[in-house]
Amino acid sequence: MNTTQNTQPAGLQAPRAKMQAQDVRVFYGEHQAIKGIDLELMENEVIAFIGPSGCGKSTFLRSFNRMNDTIEGCRLEGRILLDGEDIHAADMDVVMLRARVGMVFQKPNPFPKSIYDNVAYGPRIHGLARGRGDLDDRVEDSLRRAGLWDEVKDRLHAPGTGLSGGQQQRLCIARAIAVSPEVILMDEPCSALDPIATAKVEELIAELSQQYTIAIVTHSMQQAARVSDRTAYFHLGELIEVNATDKVFTHPQNALTEAYITGRFG
Amino acid sequence: MNKQPLSSGLSERDMVRSRLAKTLRRRHARERRFRLAGVVSVGLALACVLLLFGSILQRGLPAFWQSSIQLPIYFDPEIIRVDAAPQPLPDEPPVEFQRRQLEWQGQLARSNWQRLLTLGVQQLYPEQQIQPRHAQALFTRAVQHQLREMFAADPGLLGQTLELSLLADANVDVWLRGKIDRSLPDAQQQLAAPVRALADQLQADGHIKLKFASALFGNADSRSSPASAGLLGAFVGSLYMLAVVLLVAVPVGVGAAIYLEEFAPKSRWIDLIEVNINNLAAVPSIVFGLLGAALFINWFRLPMSAPLVGGLVLSLMALPTVIIATRAALQAVPGTIRQAALAMGASRTQAVFHHVLPLALPGVLTGAILAVAQSLGETAPLLLIGMNAFVANVPASPLDQSSALSVQIFLWQGHELRNFFEARTAAAIIVLLSLMISLNAVAIYLRKRLENKWS
């Protein structure tokens with residue numbers, strides 16, 4: 001198949017690859033879900049993974065922080081590099097990897113603890129904060145960057161599960177950025193949210209892209225068009241096309257991509 | 001839409017509607033039948049429970065009161081022939097003082113305390129010729145020890161008269177309460193005719209009172225003095241076992257469940273272990289008793305009849321239940337919580353202990369407490385490790401010989417003094433059930449409290 005790769009997003013000079021997937025193949029038992037994909041996540045870019053259900057985009061996303069390790073019978077071949085280091089190397093601790101490559105899930109999943117404890121959890125287990133005041137600052141900073149501070153500053157010790165869906169998702173984002181990750185993986189972060197909450201999260205993604213490398217799986221092509229610099233189209237476990245987002249949506253190179261984005265199947 | 005075939009359309013619609021109405025009636029009828037069956041079965045179960053509790057309460061509550069005889073007792077210096085109570089002398093070694101005290105206690109023990117009782121009864125009815133053995137038969141045996149202990153505590157009683165309330169003999173209690181057929185011939189009565197007459201006379205004159213049976217709760221079992229036999233020894237023994245089960249079965253069971261559920265790699269061995277744990281939960285309890293006797297008593301040489309051994313045996317029994325309940329509680333925790341924790345860079349252990357276990361805790365505690373309560377009611381395994389021995393003392397440690405509530409019920413149920421111990425047995429059941437209901441209440445309270453915290 002005709003695969004176009006690594007076209008530079010407009011406006012970025014000499015982009016550096018933050019993460020690189022090299023010939024990645026993922027198996028669930030006998031079933032091969034990802035059939036040999038090469039893809040680079042550039043520094044400070046937002047890259048959207050789109051494609052029909054079951055095309056493997058979520059599986060591929062979860063390979064970047066080894067969340068697939070937790071699935072029984074899931075096996076990965078090929079290499080994934082973070083700043084040139086193999087994330088499956090013996091000296092790469094998975095705890096360290098996940099501290100550097102954070103993740104936000106499809107369904108908001110705050111811990112059933114207070115808002116404060118949700119955000120403070122990462123810094124606490126990784127020993128990032130020096131003292132109570134430092135931890136407070138870190139929590140406030142993360143909540144501010146997630147655009148949630150003003151809404152929750154008076155009830156930091158109320159349960160995180162008591163927030164609305166959109167607030168919960170932003171809390172999960174705050175929780176993820178509280179450990180200062182380098183890459184944030186988002187697995188359909190807005191699919192359980194209403195349009196207003198979605199807009200807020202998308203705004204947040206745009207802001208976060210200044211500092212973080214973000215990979216986002218989405219079912220909404222409008223969302224991909226709104227938030228991402230590049231878009232990758234997946235089909236049946238293969239990467240069909242990856243290009244600058246406006247190019248993918250205006251001049252798709254592949255017939256499958258075109259069929260998908262014009263809504264002929266999905 | 002084509003509205004031309006209106007008439008045929010209408011009739012077809014009517015047909016559908018009437019058919020719907022028919023099936024709807026059938027569905028409603030089926031639902032009503034099912035609900036009725038449900039209500040009936042719940043009602044039946046409730047009736048059984050009420051019947052059970054009703055009959056136990058009806059039989060057991062009378063045992064909380066028992067007959068005692070009110071009469072003045074004169075601490076006669078002619079009968080209590082003892083020196084003055086020893087006082088510690090200056091410069092006296094403690095050993096010497098102890099020796100003198102023991103000697104004094106010996107004097108007390110040699111005094112004829114029964115004679116005080118005889119005189120007390122004879123004083124009430126000076127015109128009658130009451131034989132000492134008849135007077136003494138009125139009181140339970142422990143009364144003479146009670147008098148001696150009263151005197152030992154306060155030697156100043158010598159020469160004084162006290163209005164006392166003394167526990168009647170079990171047979172007197174039975175006779176007075178009509179628990180034995182009064183028309184039976186002498187040979188079949190448990191009390192001699194003069195004693196029966198005396199008891200009736202005392203009651204007619206208002207010397208017999210039904211008093212709260214504090215002996216039931218304050219004493220251990222007794223053979224020589226059945227009226228003062230109590231549950232305290234068995235109760236304390238059960239509490240020791242409860243503590244042992246809580247300390248052994250709960251940590252081990254919860255730990256095993258956490259490992260199996262959260263850490264163990266899926267393999268054929270783990271599957272085999274799982275199947276066997278489930279099977280263990282169904283093993284008859286008496287088998288655990290045999291295992292306990294072989295393992296703890298024969299091999300580890302632990303003492304027989306000890307609550308420690310009983311607790312260990314019950315722990316073995318409770319373990320599978322604790323493990324199964326804990327695993328169910330862990331499985332009920334949504335996987336998204338584990339994912340969230342792992343994605344934050346928590347290690348597996350951190351994910352489990354920071355997030356999964358706290359969420360599962362209400363279920364874990366409920367399961368554990370119910371398993372413990374259930375094992376506490378077990379009798380069969382305790383019989384095999386000698387806890388059915390007659391023990392007249394309250395155990396001071398889990399290594400002392402002891403009985404248990406469930407075993408005490410078993411022993412009293414088979415007591416030869418049937419018409420007195422029938423009520424005591426039911427009373428012991430009430431105590432055991434109260435203990436279990438309190439444990440279950442604790443479980444419910446803990447669950448509610450922990451659940452309310454975040455939801």
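Here the Cβ of each residue, glycine as well, is placed from N, Cα and C on the backbone.
Among the features that TrEMBL reports, transmembrane segment is placed at B:34-57, B:231-260, B:280-300, B:306-330, B:351-373, B:426-446. The annotation domain 'ABC transmembrane type-1' is assigned in TrEMBL to B:235-441.
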- Message: I need to check the long-range neighbours of the transmembrane segment (B:280-300): which residues 6 or more away from its ends have a CB within less than 8 Å of a CB in the stretch?
- Response: 309, 312-313, 316-317, 319-321, 324, 378, 380-386
- Who are the long-range neighbours of the transmembrane segment (B:231-260) in its own chain, taking Cβ under 8 Å and residues 6 or more past its ends? 216-221, 270, 273-274, 307-308, 310-312, 314-316, 318-324, 326-327, 330, 352, 357, 364, 368, 371-372, 375-376, 387, 391-395, 397-398, 402-408, 427-428, 431-432, 435
- Query: Do any residues of this chain, six or more beyond the ends of the transmembrane segment (B:351-373), have a C-beta under 8 angstroms from a C-beta of it, and if so which?
  - Reply: 242, 245-246, 249-250, 253-254, 257-258, 262-263, 318, 321-322, 324-326, 328-330, 332-333, 337-338, 340-342, 436, 439-440, 442-444, 446-447, 450-451
